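Trainee: Sharing a structure, written as structure tokens. Questions coming.
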Amino acid sequence: MLWKTALIFLCWGLTSGELQNGLSATPAAPARRTLDFGFVPSGVYDTVAYYEPGAIGILFNMMHAFLFVVQPNPFPEDLVISAAKDKFGAIQSEYQKVIYYELGFVVCAALGLLFTVLLPLVGLLFCLCRCCDNCGGEMHQRQRKNADCLRGLLTTLLLTTTFIITAGVLCAYAANQNLSSQLKGMRRLVKSNLKDLHTFANQTPAQIDYLISRYGTVKEQVLHDLENVGVILGGRIHEELGKEVKPALDATLSMTGTMRDTKDALENVSLTLETLQEGTVKLQANLSVVRNSLRNALNDPVCVDAPAPEICRNIRNSIPKLEIAANYSSLPDVTDQLNKVNDVLKTDLSQIVAKGIASFNDTPAMVTAQTRNIVEGVKVLLDDIGNNITSFSKMLPVHSSLANFTRMISHTHSQIEDIYPQIDQMDFYRWIGCITLCCMIVLILTFNFLGLLCGILGFDRHASPTTRGCVSNTGGNFLMAGVGFSFLFSWVLMGVITALFLAGGNLEKLVCEPFQTRQLFKVLDTPYLVNSAWRNFIPGYLYNDPEMDLTAYSLYSNCKDNRGIYSALHLDRIFNISSFFNTSVYSKDVSRKFEGLKVDLRGIILLESEGKVNLNNFSETGINEIDFAAYLEEVNKGVTRIDLIDFANQLDAQADQLSKGTLQTSLKGHANTIRQIHIQQVVPLEQSMSTLNQSIRLLERTSSDLPLRVEDVLKAVDDAQNLISYNATFVINQETEKYKQNIIGYFKQYIDWIRTSLALEVATCKPLSNIVDTVEILGCGFLLDSMNTFWFGLGCCTLFLLPSIILSVKLAKFYRRMDTEDVYDE
């Protein structure tokens, strides 16, 4: 049922894949935004598939170290694969490799079997030997000088051996108890794993529903772009066409400024020319009066006496310079040109250009109006896609399949709960058996400790062997009892230990360690191992497609990383559901809808004929016929031939050289008069000349290329108009394609998000890897490590029973009461 559920996810993934193919890559419109689909709701898995043994881990490490010494060879991957392929026939043909790998186990097992077989025989022979008063059976002890030293050495060695055996039995007991306690923890692990499977099954429908519901985000954004098609598509068309239209309109608009500037300049020329003509006449008259008055003043008799004659002569020679320099009366007026410009300005070109700009700026509205039917068609298509997705989701038995899967989990849980009592009962029997084995050792240890205790406490060094006390004798008997039980139990213990060692050691080396190093997965993933016709057994079993690149290790690793079962099981390779949800059809449908888009911009008039006539009239106003050279020549002459202020200052200086009198006073009066003329008449005329100069130069610049400028403006406007009216198809198609791809891009984002979600977030298969890890924890961590540590501790005890037997027999001689002793005559 689980794989059926997984196949459902595949359907959604392939659906998204085919739509993505239809959304081919074209330059995306800048208006596209990244959609936010939110976060897929996810459950929380409780299982923590990690085992930390705690303090007993030290014993586990000792056991592992012992197994490494016994079996240091690497995992025989090739041998295992050959054995599996040949149904263990390879073992017969390659027995040498098997023996080489198992050599450590074989040697240890052989020693164990030898121990098991020989020890009862040795014990029997030992008993018979002692019955014949041999092998220490004679109740006679020879007196030796080093008896005390030997007794102390034997006591120390036996005590050390006994402590070692005690440590071993404690190790075995701890392992036995750990196994029972961990089996109780097994229930928690199993329960959490089954709970995670419930979470997996319960959250999956909600996740799928969430993926489906996020189509609303796509639809909402697409509707937004469709409803704003004028702003988006029309704006882009407007922007692209504006690269040629705006410069043309700006140039036309700048001509209106040129017209106004030309009018202002002509008016300035006309006014300043009239002002200059009138002003120079008045100035000429005033200067003539000053000249005549100065000549009359110089007729004064003072000019006869030295040094006045020289001064008067200089003044008289400079008087002719008091006259105007420019003759503005000869300059032609610009009335005709001004009148023509005024006639041109009667037509408001700026208003005409504004109408053209407004018409061009109406492009978004025109696009909105002309694409209304197409937009409505795409909206209907959106609804159809949504209906198809909804109907397709209803076709899939997601809820029913997952409900069956949930019931299967519940049934499995119930069955597991039913066998818990049997497991507990079996564990109890196992525990009893292990405790019995430990008790055998404990019984021997008890006799050893009691024997040592009674022997040490009851020993009297002054007593002869035949007169030893009851306590000392009892200690010796305890030691011999321990020897007897050692012979009785040790071969049984060694037999059990050997069997457990062979089974547990090989399982540890051939299963648990390879699982930790992931070599076991390499074996499982060996091509044609499980089935000679299947390259990979998982896809061969699930999908009957053994060539699919799906291995046990890849499945485990993906689930370990908590990826979705969709990607872990490579479900995108199973079904072709084009007949259900062929997304490329949708992209073609969207493209087909936009193929009928025809945006006609011929209604846009950038510059009406009246405006063109107006521009032509402006170029024919005749400002280029003005005699700019004559104007500039007169302007450059200045107002007067000589600077009146300088002349007045010189006149004052010359008057100061004369003696005081009427002539000096008259000359100074004339100097002041000249200054007044300069201030009141020359300065205003100079300002008018400056204005005239600026205006003439402006008109000269304007007229120099006016016809060419007008021609360029009209050509630019005509070119822009032709682009809009006849050649805008390329721009419209280009921007329409971008807009269309923008719309399709939202679907692509949705599909990419679905793919990513299916791969990483939907139906994450962590519970599957947790189950594998849990089996490893239960089998290797809980069961095998504990059992291996049990035989390791018990084996240590059993081995040290041999020195314990020897030492106990020898030490018992020093504690038991003898029947005879050596007697020496004095």
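Just so it is clear, glycine is given a Cβ too, placed from its N, Cα and C backbone atoms.
Annotations per Swiss-Prot:
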- ASN178: N-linked glycosylation site (CARBOHYD)
- ASN268: N-linked glycosylation site (CARBOHYD)
- ASN286: N-linked glycosylation site (CARBOHYD)
- ASN327: N-linked glycosylation site (CARBOHYD)
- ASN388: N-linked glycosylation site (CARBOHYD)
- ASN404: N-linked glycosylation site (CARBOHYD)
- ASN576: N-linked glycosylation site (CARBOHYD)
- ASN582: N-linked glycosylation site (CARBOHYD)
- ASN617: N-linked glycosylation site (CARBOHYD)
- ASN693: N-linked glycosylation site (CARBOHYD)
- 50-70: transmembrane segment (TRANSMEM)
- 106-126: transmembrane segment (TRANSMEM)
- 153-173: transmembrane segment (TRANSMEM)
- 439-459: transmembrane segment (TRANSMEM)
- 483-503: transmembrane segment (TRANSMEM)
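Provide an account of the burial state, proximal residues and distances for the features listed.
Mentor: Counting every protein chain shown, 21 other Cβ atoms lie within 10 Å of the Cβ of ASN178 (N-linked glycosylation site).
The Cβ neighbour count for ASN268 (N-linked glycosylation site), using a 10 Å radius over every protein chain in view, is 19.
ASN286 (N-linked glycosylation site) carries a helical DSSP state (H, G or I). Around ASN286 (N-linked glycosylation site), the same-chain residues six or more apart in sequence whose CB sits under 8 Å from its CB are ILE677, GLN681, listed in sequence order.
Long-range C-beta contacts of ASN327 (N-linked glycosylation site), restricted to its own chain and to partners at least six residues apart, with a cutoff below 8 Å, comprise THR280, GLU634.
Just so you know, the Cβ of ASN388 (N-linked glycosylation site) picks up 17 other Cβ atoms within 10 Å once every protein chain is counted.
Under the DSSP three-state reduction, ASN404 (N-linked glycosylation site) is assigned to helix.
According to DSSP, ASN617 (N-linked glycosylation site) sits within a helical segment. Within 10 Å of the C-beta of ASN617 (N-linked glycosylation site) we count 18 further C-beta atoms, all protein chains included.
Under the three-state DSSP scheme, ASN693 (N-linked glycosylation site) falls in the helix class. Listed in sequence order, the residues of the same chain lying 6 or more apart from ASN693 (N-linked glycosylation site) and placing their CB within less than 8 Å of its CB are LEU632, VAL635.
Residues 59, 434-435, 437-438, 441-442, 444-445, 448-449, 452, 455-456, 479, 789-797, 800-801, 803-804, 807-808, 810-811, 814 of the same chain, all 6+ positions outside the transmembrane segment (153-173), place their C-beta atoms under 8 angstroms from a C-beta of that stretch.
Residues 151, 155, 158-159, 162, 165-166, 168-169, 172, 468-482, 485-486, 489, 492-493, 794, 797-798, 801, 804, 808, 811-812, 814-815 of the same chain lie 6 or more positions beyond the ends of the transmembrane segment (439-459) yet place their CB under 8 Å from a CB of it.
With a cut-off of 8 Å between Cβ atoms, the residues of this chain six or more beyond the transmembrane segment (483-503) that come close are 105, 108-109, 112-113, 115-117, 119-120, 122-123, 126-127, 437, 440-441, 443-444, 447, 787-788, 790-791, 794-795, 797-798, 801-802, 804-805, 808-809, 812.
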Trainee: Can you see whether DSSP assigns ASN268 (N-linked glycosylation site) to helix, strand or coil?
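Mentor: The residue in question, ASN268 (N-linked glycosylation site), is helix (DSSP, three-state).
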Trainee: Where does ASN327 (N-linked glycosylation site) sit in the DSSP three-state scheme?
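Mentor: The residue in question, ASN327 (N-linked glycosylation site), is coil (DSSP, three-state).
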Trainee: What is the separation, in Å, between the Cα atoms of ASN268 (N-linked glycosylation site) and ASN617 (N-linked glycosylation site)?
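Mentor: Between the Cα atoms of ASN268 (N-linked glycosylation site) and ASN617 (N-linked glycosylation site), the distance comes to 21 Å.
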Trainee: If you compare CA-to-CA distances from ASN388 (N-linked glycosylation site) to each of the glycosylation sites ASN178, ASN404, ASN617, which comes out shortest?
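Mentor: Nearest by Cα distance to ASN388 (N-linked glycosylation site): ASN404.
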Trainee: Cα-Cα separation of ASN404 (N-linked glycosylation site) and ASN617 (N-linked glycosylation site), in Å?
Mentor: 90
Trainee: For the C-alpha pair, I'd like the distance in angstrom between ASN178 (N-linked glycosylation site) and ASN617 (N-linked glycosylation site), rounded off.
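Mentor: Here the two Cα atoms lie 111 Å apart.
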